């Protein structure tokens, strides 16, 4: 029978956050990996430090920070400013914009490292949850397969029982027909014997008179 045990209650209400499509995963990666948290959001996730415990998980609340792509934005602005200064012939401003682009790229690299460190524990919890979820789905699939096999086995037993019942009925009818035929034959033989006995008696009487 399939297990009715739900997933950890600490994950209830946030399942959609973990079961993501490709676009959601891409968006989350872009937000988490290269960026440094600049503020706090009000979105709160309740995570279990030990997801395998499905009955009494202890919970802790983690506040996910709101992040922005400052390095990417600054790099883009520096390139746009450099392009405009080149068209305007302002070489000094062009040099400043290129230096700003280098600084922005350095900031982006630092943001990638810092963001990766910041989200490391969250990624571990996510992988742990995904492992539990995959194991739960595999278990449910296996139990459903076993249930289907059991249902087919019961159906096969029922069909076999019906065939045996029909065969017994047919054998019973054949036996009853045989008894009727035997009784009829016995009656015919008895009648023939009686007839022969009467004929013999009549013959004896006739021959006795002579």
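Backbone N, Cα and C define each Cβ position, glycine as well.
The domain 'HIG1' feature in Swiss-Prot is assigned to 7-130; the stated evidence is sequence analysis. Annotation source Swiss-Prot lists region 'Disordered' at 38-67, 152-192. Look at Swiss-Prot and you will find 66-82, 102-119 tagged as transmembrane segment, backed by sequence analysis. Per Swiss-Prot, coiled coil is recorded for 138-171, and the stated evidence type is sequence analysis. Here Swiss-Prot flags 157-172 as compositional bias 'Basic and acidic residues'.
The average pLDDT the prediction assigns to the coiled coil (138-171) is 89. Note: the compositional bias 'Basic and acidic residues' (157-172) comprises 16 helix, 0 strand, 0 coil (DSSP; helix = H, G, I, strand = E, B).
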